Each structure stands twice: as C-alpha cells, then as structure tokens.
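As structure tokens, the structure follows; a few thoughts come after it.
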Amino acid sequence: AKWYPEVRHHCPNTPIILVGTKLDLRDDKDTIEKLKEKKLTPITYPQGLAMAKEIGAVKYLECSALTQRTVFDEAIR
C-alpha cells in the first residue's frame, strides 16, 4: 500500500492488480524464523484479498518470485 496514494494521484483511472510475491517463501522455515524474530508472520491469502479490497484493486494474485508465471498469465487475459 506504500505506492497506492501516488498511483491514485497520478493515474486515477488505472486499474490496480495487487500481487503477493515470494509465495515460495511462505512455508520456508528460515524465512518464518526470520519473521518471528521481528514478531511478524507471512501474509496469508485472505490478508492479501483484504488489502486488495481496501485499496480498490481489481484483482489480487499470488506468485512465486522465482517464476512470476501466474501474474503474466493473468495480465495477458
């Protein structure tokens, strides 16, 4: 949501697709431990959907940062 105000200001009619990346790390033990040290947890799919709704995004997608295939497939539809 960091860029949301700027995007809405400069491109008010542009549809937004919110993308949750690094899906492959959601279940990664090292990543989970590092997040726990900061009192954080990975973002869940329902949390991503809620954020998309909050900012008025037309779609919420998740992908592995390694492939980004899901996002590309959706973008060309």
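Backbone N, Cα and C atoms are what each Cβ position is placed from, and that goes for glycine too.
According to Swiss-Prot, the features are:
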type	residues	note
BINDING	Lys22, Leu23, Asp24, Ala65, Leu66	GTP binding site
CROSSLNK	Lys53	ubiquitin cross-link
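Where Swiss-Prot records a feature, it is marked here on the structure.
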residue	record	contacts (Cβ under 8 Å, 6+ apart)
Lys22	GTP binding site	Ser64, Ala65
Leu23	GTP binding site	Glu62, Cys63, Ser64, Ala65
Asp24	GTP binding site	Ser64, Ala65, Leu66
Lys53	ubiquitin cross-link	none
Three-class DSSP secondary structure - Leu66 (GTP binding site)
coil
